[in-house]
Amino acid sequence: MPFEAYRIHGISGEFLKDKPLFHTIADDFLEFISDSKLIIHNAPFDIKFLNHELSLLKRTEIKLLELANTIDTLVMARSMFPGSKYNLDALCKRFKVDNSGRQLHGALKDAALLAEVYVELMGGRQSAFKMVDKSAGINNLATHQVNHKTEQATIVIKPTKEELQKHKEFLSRILKTA
């Protein structure tokens, strides 16, 4: 493991010696991401590393523009906050996401932090969400309060009929596996 890489993520050659090499998991990895929505901060940077590994295996490289299910949070942040800092630490600070446990660049920790940042970029968490009983005479409405950590207008996007149908199917699949 090159020392510069070790300084960034703290992963040593000793730690990696019993871990699988990319070529042994490449097919499973590509299948895993094939139908997944990918949320990546600075997607071209990460895709470049994946493509390097794929090229070593003489495999087809991932074309970022063809990844329809990819969301680049760096692009989102630049659009929403022109002229600001856009790295993960800066976005955590902006949205008051606790990143105190992040000493080094670690994939799992960074993914968890990015998930929280992404929620905030999408408008924030719902601080309360409760279903109201039909018997209460309120026609089974769902009510919620939204906790906005930034001063920005809430954008409401109404789903299409197709999106509503897909959502119902998704919920059915979840309930079957629960």
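Just so it is clear, glycine is given a Cβ too, placed from its N, Cα and C backbone atoms.
Here's what TrEMBL has on this protein:
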| type | residues | note |
| --- | --- | --- |
| DOMAIN | 1-127 | domain 'Exonuclease' |
| BINDING | Glu4, His9, Asp110 | substrate binding site |
| ACT_SITE | His105 | active site, proton acceptor |
| BINDING | Asp110 | divalent metal cation binding site |
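Shown on the structure are the features that TrEMBL records.
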residue: Glu4; record: substrate binding site; DSSP class: helix
residue: His9; record: substrate binding site; DSSP class: helix
residue: His105; record: active site, proton acceptor; DSSP class: coil
residue: Asp110; record: substrate binding site; DSSP class: helix
Just checking, which of Glu4, Asp110 (binding-site residues) has the fewest C-beta atoms within 10 Å of its C-beta?
Glu4
Would you mind reading off the Cα separation of Glu4 (substrate binding site) from His105 (active site, proton acceptor), to the nearest angstrom?
12
Could you state the CA-to-CA distance between His9 (substrate binding site) and His105 (active site, proton acceptor) to the nearest Å?
5
Limited to the domain 'Exonuclease' (1-127), I'd like the whole-number average of pLDDT.
87
